[in-house]
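Now, the feature entries from TrEMBL:
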DOMAIN    64-170  domain 'Prepilin type IV endopeptidase peptidase'
TRANSMEM  6-24  transmembrane segment
TRANSMEM  36-53  transmembrane segment
TRANSMEM  59-76  transmembrane segment
TRANSMEM  83-102  transmembrane segment
TRANSMEM  108-129  transmembrane segment
TRANSMEM  141-174  transmembrane segment
TRANSMEM  186-212  transmembrane segment
Amino acid sequence: VYLLLAGVAGVLGGSSLKLAINWLEIDNYHIRGNNYILEIMCGILFLWAFSKLPITEAILFSSVAAMLIAIGLVDLHTMQIPLLFILGGILLALAGFFLGLITWTAVLWGIFIGAVIPGMIMGITWLITKRQGMGYGDIQLGIVLGAWLGPMRMALTLFGAAVLSLFIWIFVSIHKGFDRDRALPFAPFLAAAGIGIYIGSVYYPSFFHLFITQ
């Protein structure tokens, strides 16, 4: 019954996020009513979280992960990240801090690695090439992820997202032709890598202990 309720909560959460996306109408992007990708993905993540994590950690993980999926989906189709979801993610990270799930040192160092360093790289890249490799929305997302994951998992997330985006760029280029100026949304890769790194740290804590210091 416990897991059934968790699955139902995930489906309802995904449905609520779909309503929010359709209400925001970013670049007139809408998710059709018969598209249940958000509900399915959120339901699966909720089921996993409440079967593997303590209750408070499960609530935080499933809520942040659902928000990340919604952000990645919108960015994939519009190349924009909703500020509403960023603010929601920040509130969830703060909730984790006040619940004692995240330490303030992990929050600050995580934000430094997730947002400050990429922001500096973006600025230097723009000064040299006059091109903007990352968007400001990606930097905002880095704040959320950094505060939630902590410094080392955030560093691994950035690396994983970069590798994923490179593989996808190569795959797209092979099928559509190489284009140096082809831009890919980065938020879906950040979201996928962040969720994957978190889950990996649950299954392989001894391995991740070598990297994660909170």
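Residue numbers in this text run from 1 along the chain shown.
Even glycines carry a Cβ here, placed using N, Cα and C.
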DSSP-assigned states of the domain 'Prepilin type IV endopeptidase peptidase' (64-170) in counts, ordered helix, strand, coil: 91 helix, 0 strand, 16 coil
Integer mean pLDDT for the domain 'Prepilin type IV endopeptidase peptidase' (64-170): 89
Tertiary contacts of the transmembrane segment (186-212) (same chain, 6+ residues out, Cβ under 8 Å): 45, 48, 52-53, 61, 65, 68-69, 71-76, 81, 134-135, 137-138, 141-142, 145, 148-150, 152-153, 155-162, 164-165, 168
Cβ pairs under 8 Å between the transmembrane segment (6-24) and the transmembrane segment (59-76), at least three: yes
Among the ranges 36-53, 59-76, 83-102, the one whose Cβ pairs under 8 Å to the transmembrane segment (141-174) are most numerous: 83-102
